[in-house]
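Features of the protein shown, as given by TrEMBL:
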- 2-150: domain 'Thioredoxin' (DOMAIN)
- C69-C72: disulfide bond (DISULFID)
- 375-504: domain 'Thioredoxin' (DOMAIN)
- C426-C429: disulfide bond (DISULFID)
- 499-537: region 'Disordered' (REGION)
Amino acid sequence: VLSLAWLGPAVRGEEEDGEVVAEEEAGDDKVLSDELEEEDGVLVLHEHNFARAVSEHQLLLVEFYAPWCGHCQRLAPAFAQAAAALRDESSPARLGKVDATAQTALASEFGITSYPTLKLFRDGNRTHPLAYTGRMDAKGIVHWMERQAGPSATLLQDADTAAAFVGSQDVVVIGFFKDLESKAAQVFYEVASEVVDMTFGVAEAAEVFEAYGLSADTVCLFKKGGGPHHPSPWQFDEGRTDFPVDPARGLDAAELTQLLRVHRLELVMEFTNETSDHIFGAKIPHHMLLFLNKSSSGQLALQDGFRAAASTFRGKVLFVVVDVAGYGADVLPFFGLTPAEAPTLRLVKMENNRKYQMDQDVFSDTAIRTFVQAVLDGKVKPRLLSAEPPEDWDTRPVKVLVGKTFEQVAYDETKNVFVKFYAPWCSHCQAMAAAWEELGERYKDHEDIVIAELDATANELENITIHGFPTLHYFPAGPGRKMVEYKSNRDVETFSKFLENGGMLPEEPPVVPKTPENSTGREQPSPLGTAESRDEL
């Protein structure tokens, strides 16, 4: 799934609780009390025992889930493992879960709109839970909870302790504050509690300030190899980056978090299993990719110009090397590339997944800088992928669209066109495939209605960005290039009502979904396995 990160802008898998609201199943006569019961070491919470659980546990991480949600089902074993690990450590942290489709009052109280949603309740406070921001695996959950339970930053009382701390990890962050009770220091502690994939320390002793050549409040990021007596400012690749605290503005948590995530990275990253989390977690808006075959010495030499261009755009564009014969091979189809086309360059705008390429690849630092700046200035048009249309694409009940045929079909002013945008690997798409085929059969002889589908992983459109799979859009006949997104149940009868009513559903009570097939579930690629990997209804 990591390889799909450059496929979609939101880069996450979700099921969103939209128009359809699930209710408690009728006939469940079980009497619930405030007793706290467990399943696999995880507290089973509901409206009657939730208040007790929050009040009795100093730190309570609650998963709000839906029984049919695929992401929730995949999270369950990791959540149980994390609960066991925390219990074995005698941690004050506990884990609990709420079936948000049954406990609708709790889901409403805490604004649950996607599954799974994880929230941390601290010291009995029910009104301001903290959103979970860690990885969605057992190790990530434990690490995040440990950071919440203990001091988020280690106090470094002298220069020797600080030096040992700097050398203890590949990346460490130290906040130097003259007053650890200051507002800026408190913001630093807040950031430290959230950014759990870095190790944080704090220092206020004059001896430590002097050892690192500092005279004012400063946040320093160290990479192994950095030392105390390096001048400032620093390039991260040299070992240390300094972020002086503005006396007037203080520290902004979001700004500091982003700076740390950007500057913890090498100037040029290689896309590997180990680095992919950091590449996408930094949330840098553009990625410049050099696809090469590392077994070719001639291609490896191209990295020199690539690296030379990178420093100009730090924080705006992340430069990444992708080995087409190694870990990067799996991403090639999403760029319409084959290994034989390496070496080549692509720039990706992460917001909308638009991909840009040179008219002809030139690998000098000057050419790369010029190209990147032209893209940032809006002077280069994106390169849109398109598969070749099947020979019988327009004779099937469901028309098979590709990028190069989409316009002529969807915006035909004489037709009402209903299009499914899907991904071949998407389980929700697979679940509704039969219904879509049946819909095509039902309307194949209608002159003014077209049922179609487009593989959005192999085709890109200039003015339409697909944020999740499946996405259903209706393009009504007539001028104006109008588009209506369909967001209701995915069954043939509801589809038909929508079409017969001119692209809208008649007013009637909604049908409560009982299975994922009847939900409005959508999937999106998730590169990180983080809290962003959720299912949307």
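Glycine is treated like the rest: Cβ placed from N, Cα and C.
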Inter-residue C-alpha distance, C72 (disulfide bond) and C426 (disulfide bond) (nearest angstrom): 16
Disulfide-bonded residues compared (C426, C429) - highest count of Cβ atoms within 10 Å: C429
Cβ packing number for C69 (disulfide bond), 10 Å threshold: 24
Pairwise Cα distance for C69 (disulfide bond)/C429 (disulfide bond) [Å, integer]: 14
Other CB atoms within 10 A, centred on C72 (disulfide bond): 23
